[in-house]
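A short write-up of the structure that comes next.
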Amino acid sequence: MEERAVKLAVYGKGGIGKSTTSCNISVALARRGKKVLQIGCDPKHDSTFTLTGFLIPTIIDTLEAKGYHHEDIYPEDVIYRGYGGVDCVEAGGPPAGAGCGGYVVGETVKLLKELNAFDEYDVILFDVLGDVVCGGFAAPLNYADYCLIVTDNGFDALFAANRIAASVREKAKTRKLRLAGLIGNRTSKRDLIDKYVSAVPMPVIEVLPLIEDIRVSRVKGKTLFEMAETDPSLEPVCQYYLNIADELLARPEGIVPQPAEDRELFALLSDFYNTPARQLALV
């Protein structure tokens, strides 16, 4: 029996680097011989920018142009080929201040299923808006096998990660969703990450170093893999993403997280910075 596609949902604090991370993971998965579809779930519709080099038309744009007649839409109307053979879709969103972005995600999945698009891929990756875990933007968790949380070594990102973990736990009550783990992005240290996972056990899949090229790649509209074609010094950075891909393709067991209460977590992370030993280390 053919193994079905693995579905991933990538979350994290706004501005933490989810889309950059997602695009590089998608290319890494493609480098491992997998057919990959990345679905951007953000009204900014810029998730796939580093794969395609431009802002592709969204599902909502296409539906509006076709008068919301699903039968008039074909896969080539909404799926764009990006770098490394990764296929790209942008859900888009309602006008600012109106409608529900989560509804748009649901309509996107519905349309892609009608087009039998999901049947064509080995991996489907949802790159989701910020750290919003309302019912709407938690919608990709309804379709995912694994959630990945992108963080750094800072208080705010880990606080957001804990809230996302709570959302995963809630969704896991009714479906086989698991947290694959944390991905540390652009951080020179991981001591606060380690402090958090000692209190809230969960895997740390990989921690990417504080390298400016990771941030710059977003502005250039290129993945690290594409940049490495002309700058071989970036190949070791690409290896981090290949490590993540290998971990995910092994289909890890994952966990149902047990997040900390907000006040408990606030005290834990605040205490980390307030301890005398920590203060001496910072002098």
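Each residue, glycine too, has its Cβ placed from N, Cα and C.
A quick note: this is a predicted structure, and the numbers were derived from the prediction, not measured.
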Of Lys34, Lys35, Lys44, Lys171, the one that Swiss-Prot places in the same ATP site as Gly15, Ile16, Gly17, Lys18, Ser19, Thr20, Asn185, Arg186 is Lys44
Cβ-Cβ distance under 8 Å, sequence separation of 6 or more, same chain as Arg186 (ATP binding site); the residues meeting this, in order, are Gly17, Asp152, Leu208, Pro209, Leu210, Ile211, Ile214, Arg215
Across all protein chains shown, the binding-site residues Gly15, Gly17, Ser19, Lys44, Cys100 give the max Cβ-within-10 Å count at Ser19
Per DSSP (helix/strand/coil reduction), Cys100 ([4Fe-4S] cluster binding site) sits in coil
